[in-house]
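Input: a single structure, listed below in structure tokens.
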Amino acid sequence: MDAGGKANAAMIRLHNEFKELSRNDGMNYSVGLVKEDLFKWRVTLYGPSNTDYSGGLFIAILTFTKDYPFEPPTMTFQSQMWHPNIYKDGKVCISILHKPEVDSMGYEHIDERWSPAQSVHSVLMSVICMLGSPNDESPANVDAAKMLRENKSAYRREVQRCVERSLDI
């Protein structure tokens, strides 16, 4: 498929996913387009209940390439986040957002990584689960992982600050 055909296929898939998610948003997240660009979505994730992020409203940007769904999107939080699996610049590090290649470090099985069978909904649900179950074995934010392991109450206070900041709209 040539570049124009790939971009068109990506647009059709993104349009269908956006339409479906727009109808269903409200429980865990909501979606919108950034400047009416189908390749750039604004996501609001509602802090999952029974987690340290409960009550927060966290803004992230999902960016898609013209090769979607054969390439995973990237997700970057605009809200300040304190989490072992979110880089300090907000970029999310989770298996489902990694290209389907063999992990040279041996942390992830190829089946955990992105595939065209995945969807934006599955990405968002995975990120919501990640918020409640941080993986400190393979951290993107080493400081957050260290704090989680060594001083969980300080970690929770830092997350609570993020929750409070997320509500300063």
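Using N, Cα and C of the backbone, Cβ positions are placed for all residues, glycine too.
Curation plays no part in TrEMBL annotations; they are all automatic predictions.
Summarising the annotation, TrEMBL assigns active site, glycyl thioester intermediate to C93. Sequence-distant neighbours of C93 (active site, glycyl thioester intermediate): residues of the same chain at least 6 apart with a C-beta under 8 Å from its C-beta are N85, I86, Y87, A140.
Among the features that TrEMBL reports, domain 'UBC core' is placed at 9-168. Mean model confidence of the domain 'UBC core' (9-168) amounts to 91 (pLDDT, 0 to 100 scale).
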